[in-house]
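Colleague: Okay, so TrEMBL annotates it like this:
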type     : residues  : note
TRANSMEM : A:12-33   : transmembrane segment
TRANSMEM : A:70-92   : transmembrane segment
TRANSMEM : A:99-123  : transmembrane segment
TRANSMEM : A:202-220 : transmembrane segment
TRANSMEM : A:232-254 : transmembrane segment
TRANSMEM : A:260-279 : transmembrane segment
TRANSMEM : A:379-399 : transmembrane segment
TRANSMEM : A:405-426 : transmembrane segment
TRANSMEM : A:435-455 : transmembrane segment
TRANSMEM : A:475-493 : transmembrane segment
TRANSMEM : A:500-518 : transmembrane segment
TRANSMEM : A:591-612 : transmembrane segment
Amino acid sequence: MSLEQIILAYGMIPRGVIALVAGAALGLSGAILQTVLRNPIADPTTLGISSGAQLSLVLTTILAPDLLMAGRWPIAMSGAVLAAALVMTAGARRAFAPVTMVVVGMLVALTASAIATAVTLAQGEYLLSLVIWNGGSLVQQDWSGVQALTLVLSLGGAAAALLARPLRVLSLGIEGASGLGLNVAAVRLAGIAVAVALAGAVSAELGLIGFVGLAGPALARSLGARSIPERLVLSTILGALILSVCDGLVLIVAGTSGEMFPTGALTGLIGGPLMIWLLPRLRGSTPPGTEAAEGPAPRRDRPMPLLLTLLAMLLAAAMLLVGIGRVPGGWAILDAQSFADFLPMRLPRLIAAASAGAALATAGAILQRLTGNPLASPEVLGVSGGASLGFAIVVYAFAAPSGAMLYAGTMTGGVIALAVVGAYVFRRDMPTERILLAGIAVSSLASAVLSAMMASGDAKSWTVLAWLSGSSATVLMPGALGLLSVASAIWIAAVAGRRWLAILPLGHGVSAGLSLPLRGARLSLILLAGIATGAATVLVGPLSFVGLMAPHLARRFGLALPGLHVTGAALIGALLMTLADFGARMAGFPYELPLGLFASLIGAPWLFWLIMRGQR
Amino acid sequence: MTPKTEERGSLSRRAFISAAGLALAAATSGRADPGGPRLAAIDWAMLETAVAIGHMPVAACELIRFRAESPTPAIPADVVDLGLRGAPNFELLQLVRPDLILISPYYTRYESRLSRLAPVLNLPFYIPGEPPLPKALSALGDLATAVDDTSSAIKAHTRAKAELDAIADELSGFADRPLCLINIGDARHLRAFGFDSLFGSVISRLGLTNAWEGRTRFSFLAPVPIEQLATMPEARVVIVGEVPAHAQRSLARAKLWKALPPVSDGRLYQLPEVNAFGGLPSALRFARVLRDALIRQQTVQL
């Protein structure tokens, strides 16, 4: 064979075929998940399965590359299974409520990619193979990938055929199905196992290819596929077509402009808009009562001493931590001279970290009260995603951007994302929890664009990657004071809005009965949370979990009334972030870890505890 | 995963930071060039440039990784490690009391912050579309002027010129075929070093042609499909750095890879890891390892 023939036979044709096979596998996986969970927005991406595979691959590549000698399959598969197990356990505790499942899944996905970023950064190396993998490239050079995926797809197809009937019985509802003698748990487990195996196989072979599993079944439904077998078959075919079309587009762009970007980044782009489109269709698919808030919190009779103690702890921690530090060879307490030298550097950082913590915690408290979802955190509001995107665009658009330009870009991105979510809140009169999904949609769009930039990228990707995990080292006094005033203003506004925060969660009827401007109240609270998140994101990066942890801790301490809850959360958030800042500076001295990253490492175990605990 | 630099010290109330700072200053001042200013390098290309003109900085960033990647230039153990390049440790930097801080445009966002500690010298090395070697050479002069030791740059420049000329002579027999400089990402992707990368810039100085010349707009970090190598059947392919273990395994049995003329005809060479974003020392080291590989016919089989 001539070289051209070899390229055709071992490069181009397998690429075309693998697009079909992988797309079919993802479409089938999504269709099975959606049927089993009765959740029209479930797919391997939104349930965190693909990200689980990603994290395990990143960890293995960096920490134990020898394990990869046996191929990526076992590694990616075990990561996918672990993530799926986590999300499913959480789902089982919450009656598989669709929105909650996806919020859990996206939080798992966010955490997994944050940890993956962290490990890559700490390694101080730009790993080409990881960038390629994160992008999800379909380039082939032999038929081995096609063979492996075809085998998995046929096994998965056979399993789906066997499952079609039990799944139809399951669609009658749990009570009806068990009444007909169906082992509901076994059918669910089998269905999910098949879906995870399909998605994990694609991850192992090609990398992250998002949202095909969401798009295939969605299209199948809108084309009128009613019965379950119809839906499974049509989703599989449409999945194959979608991925092929996307890959075709990538090839056309590569052919005309010479720009190579991975196909997975393109499919990621359709995810965000698709979810926004699907959201209204979610109505009625959730059994009532399944997305309820946590049970009544304990209530403390005299909250003032607690709040004062928290304030005292915050001040004490600030005083203490500003005065000690590490030097090569050991720890040291500053003397007067060094204290005077270091204060101009440490004080802004301390103020900024505490303010960011307070702002995030306030935002978290507002969102959790508003949605009644204990997993609502500023991270899923989309503002951070938009802000990261703004930052990345400035980094790429200008040769040597200044700090002010980066700040402006970040703020603009956050504001646009917030406007999208806000418009959504205003236009559609839907359950507040769905707003979180609009935020998630914006986030996933942002992360798709980011990964496309990284994959086509240059050394600038490094800057973006570093910023994504948060850096507080560069903040100066004016910036710190600005953040402090934003945090204070938001706290005051939230306390002033405590009546809304108390009434809105009680639902439509009550709010209307008390003649509350429902839309206006909701919109202003969401805007408040968004501004707080955006301001903090500039400093901490898009992920920290402080906004998740602090409101919970405040509740557990018995701060039940909205005003007290917000105040307590803000104080706890400030304290947590102050400690995280100290830890980030000291843990790897002289290598300073990014603040957001360090805070996430504290917050992630909390998140998992929260997920696993289920509802009271 | 966290780099450990020092053995854990005990919490000693006597170990006042200012004392430690003085000790740092004392420990690092008796060396290199006692009369010259104390340099702190955030950027690696700047670190290398300082070393090239004989002014070893007293502090630099990410030394653990730097030493792992570049056996030369050797960095003495008493140079203080300032942490990640992306997040330098400003407090430690202040303790070191530098007279001049060296950065490149990648770190412009820190410039105002750094300039509070000491004057900052910001020199460009890597700009898309522009060959970096001339910039690395002119950086010698700029830095030497800043440290008031212009003769050091002239010396370094002359030495580099002589060495590059010598290597160009030795390699003149290899001008018959273009060179394709790559880095393997996984079994299906590589990245290619174009004319605006350090290595591409060096080979054109050596009088060799780059098979990737003018192919992409900016040609270093973007992963390209491996089949692109088929468009340059006549080239010698030089892999810079390690090939990941899993890529090695699947390349060994990949039809397309083995059918590529440079691979099947034994025109595949491999070099050790060289800092692709370095300064003049890395450029010279690349030229040397390239000469060794080509002249000794060190072809590899994957």
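Cβ coordinates are placed from backbone N, Cα and C, and glycine is handled just like the others.
What you see is a predicted model, and the numbers here were worked out from it, not measured in a lab.
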Colleague: Three or more CB pairs closer than 8 Å, sequence separation of 6 or more: does that hold for the transmembrane segment (A:379-399) against the transmembrane segment (A:232-254)?
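Modeller: No, the transmembrane segment (A:379-399) and the transmembrane segment (A:232-254) are not in contact.
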Colleague: Go through the chain and flag residues at least 6 beyond the ends of the transmembrane segment (A:500-518) whose CB is under 8 A from any CB in it; none is fine as an answer.
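Modeller: Sequence-distant neighbours of the transmembrane segment (A:500-518): 293, 366, 369-370, 372, 432, 494, 524-525, 561-562, 565-566.
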Colleague: Would the transmembrane segment (A:12-33) count as touching the transmembrane segment (A:202-220), i.e. at least 3 C-beta pairs under 8 angstroms with sequence separation of 6+?
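Modeller: Between the transmembrane segment (A:12-33) and the transmembrane segment (A:202-220), which are separate recorded stretches, there is contact, as judged by 3 or more close Cβ pairs.
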Colleague: Short question: most Cβ pairs under 8 Å with the transmembrane segment (A:591-612), which of A:12-33, A:70-92, A:232-254, A:435-455?
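Modeller: Maximum Cβ contact count belongs to A:70-92.
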Colleague: Let me spell it out: take the transmembrane segment (A:12-33), skip the flanking residues so only those 6+ beyond its ends count, and list any with a Cβ under 8 Å from a Cβ in it.
Modeller: 39, 42-44, 47, 138-143, 145-146, 149-150, 152-153, 156-157, 160, 163, 167, 191-192, 194-196, 198-199, 201-202, 205-206, 209, 212-214, 216-217, 220, 231-232, 235-244, 246-247, 263
Colleague: Which sequence positions outside the transmembrane segment (A:435-455), separated from its termini by at least 6 residues, show Cβ-Cβ distances below 8 Å to it?
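Modeller: Tertiary neighbours of the transmembrane segment (A:435-455) are 41, 45-46, 99, 102-103, 106, 110, 113, 131-132, 134-135, 137, 208, 210-211, 261-262, 264-266, 268-269, 271-276, 279, 282, 367, 371, 373, 376, 379-386, 388-389, 392, 396, 413, 417, 420-421, 424-425, 461, 464-465, 468, 526.
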